[in-house]
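J.: Have a look at the structure that comes next, please.
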Amino acid sequence: MPRLGGWLRTLAGLLCTLLAASAPAQQPDPELEQIRDKLAKSLPDVQRQNIVRSPAPGLYEIHQAHAFGYVTADGRYLVSGDLIDMQSGARLTDQRRNQERLQSVLDQAGNAIVFAPPPGQARQWVTIFTDVDCHYCKLLHKEIDAINDAGIGVRYLFFSKDGKPSQAFDEAQKVWCDVDRQGVLSTALLTGKLPRRAAGACPNPVESQYELAKAMGLRGTPATILPDGSVLYGFVKAREFVKQVDEHPAR
């Protein structure tokens, strides 16, 4: 029987070459680059890639650390505020803000404490900023089993309402530094009991999560980042929680 390994590898390489050749090249945008050059002088803290065309003709979007604005094509006028499509009613800046917020929490997914359905059974994911001293966070966590049973996975990040340093901030670090983070977080939220490990006894992401929540302008806890990046504040029962998740699917 002939050996096909070399032939198959050659064919695979040829297909990859053809696909790469057929992929559309990104077209240069001289006007955009000109705007970026102008703003590099007046807004040096804004990265070039954060200056892009907006849906509104003649306006360019600028964003930095979850703050959005717009600038005219000549680089002279800066517009602070939200862009709304008066024809469709779409809140365009909110949509972009949601995209940025969602990407930011996804970047923290590896540092989250996860409560989820069995592997492969989560149909939607949310991120909840929680605080072990927050009354409504505790009420929401009592619904976690029902939320998981509805096919929704939860990633917990910390946002201590009292800032740092504070008791709540230290408690969040104690939870993170325990070998059983999930179990200790549940115990902390349901009973108020915490491990005795010293705060900050291990490298932890609590401060970076706190700073992220502030940068996103979150106003309190629990703050749930829904699959489309919008925010649901406060406590709701599992049935309403699931309804809100389903009404804000990932885009």
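Backbone N, Cα and C atoms are what each Cβ position is placed from, and that goes for glycine too.
Quick paste of what TrEMBL says about this protein:
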DOMAIN    29-93  domain 'Disulphide bond isomerase DsbC/G N-terminal'
DOMAIN    121-243  domain 'Thioredoxin-like fold'
SIGNAL    1-25  signal peptide
J.: Summarise the domain 'Thioredoxin-like fold' (121-243) as counts of helix, strand and coil residues per DSSP.
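T.: Once the DSSP states are binned, the domain 'Thioredoxin-like fold' (121-243) shows 50 helix, 20 strand, 53 coil.
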J.: To what whole number does the mean pLDDT across the domain 'Disulphide bond isomerase DsbC/G N-terminal' (29-93) round?
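T.: Over the domain 'Disulphide bond isomerase DsbC/G N-terminal' (29-93), the predicted model scores a mean pLDDT of 89.
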J.: Under the DSSP assignment, what numbers of helix, strand and coil residues are found in the domain 'Disulphide bond isomerase DsbC/G N-terminal' (29-93)?
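T.: When I sort the residues of the domain 'Disulphide bond isomerase DsbC/G N-terminal' (29-93) into the three classes, I find 18 helix, 19 strand, 28 coil.
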